[in-house]
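Structure first, commentary second.
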Amino acid sequence: MTAPRFKRILLKLSGEVLMGQGQFGIDPATCERVAREVKAATEAGFEICMVVGGGNIFRGLAGAAQGFERASADYMGMLATVMNALAMQNTLERLGVDTRVQSAIPMASVSEPYIRRKAMRHMEKGRVVIFAAGTGLPFFTTDTTAALRAAEMNCDALFKGTSVDGVYNADPKKVPDATRYEELSFDRVLVDNLKVMDATAVALCRDNNIPIVVFNIRDEGTLEAVLRGEGTSTIVRNNPESA
Ligand code: UDP
């Protein structure tokens, strides 16, 4: 198989990635490691925009289970993503990467509002745009936000940074001989309910023909390697050669 090459990508990071070894919140050392990955990729000429989750701080579903009204809990979750976006922005800028945060919930004193054409312009100028506050709508997730923004920003692929190096036929942390898929079709992911991203996000990527690349963001140098078509990952796309 010829490895696909992508120029413009949307990088989705779940909030959990940012908490490092901790159980909650933001770990500055982890933010810096991730930021170094992004910096290396931009220096190699790739165009990057990002969506960060909020699960390390607050998730709407968990809040609803504790008695909060679901929509309110979702807004709390979206605000959590803003904190993560600011943490990533701050860390990237300390490393000399030019960034902009755009929030789907207007918040004039902390970020720009989400304006697609402005975000496009930022990317053309080589800035990393970080999309905060999800879609701005309750009952959605940041996975779906990532698929939506990837489509809006004409991204070649959605890169999902996780703590495993792809999609497996069983949990590789529990099943030692679990095998990793090299490629998968969107339909297979949906029918077999493989844990890649939520179903809305997967369907959105399928319908807009945006491949999803699942890779391990915790291993140093992986983002750039996978972008170059060299690292370990699973690619979910329409009409894969296998699977
Ligand atoms: N959220 C929402 N609408 C969106 C995106 C996110 O309501 O468009 C809320 C939802 O409550 C979610 C929380 O924000 O649980 C944090 O996002 P997510 O769970 O996707 O974060 P991740 O799992 O990626 O850390």
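Glycine is no exception: its Cβ is also placed from the backbone N, Cα and C atoms.
Because the structure is a prediction, the values reported are computed rather than measured.
Taken from TrEMBL, the feature ATP binding site applies to K12, L13, S14, G15, G55, R59, T162, Y168, D171. The feature UMP binding site is assigned by TrEMBL to G54, D74, T135, G136, L137, P138, F139, F140, T141, T142. According to TrEMBL, the domain 'Aspartate/glutamate/uridylate kinase' annotation covers 7-216.
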Nearest of the binding-site residues (K12, S14, G55, T162, D171) to F139 (UMP binding site), judged by Cα-Cα distance: G55
For S14 (ATP binding site), the one of G54, T135, L137, T141 that lies nearest, given that the binding-site residues are compared by Cα: G54
Other C-beta atoms that fall within 10 angstroms of the C-beta of T135 (UMP binding site): 19
Average pLDDT across the domain 'Aspartate/glutamate/uridylate kinase' (7-216), rounded to a whole number: 97
Contacting binding-site residues for ligand 1, chosen from K12, T135, T162, D171 when the Cβ sits under 6 angstroms of any of its atoms: T135
Other CB atoms, at most 10 A from the CB of S14 (ATP binding site): 24
In the chain carrying T162 (ATP binding site), residues 6 or more apart in sequence that have Cβ under 8 angstroms from it: S14, V17, V214, F215, N216, I217
Additional residues surrounding UMP, by Cβ distance to the G54, D74, T135, G136, L137, P138, F139, F140, T141, T142 centre under 8 Å: G60, G77, M78, G134, T144, T145
Candidate with sparsest Cβ neighbourhood (10 Å radius) among G54, G55, the listed binding-site residues: G55
Distance from G55 (ATP binding site) back to L137 (UMP binding site), taken between C-alpha atoms, in Å: 16
Three-state secondary structure, which DSSP defines for K12 (ATP binding site): strand
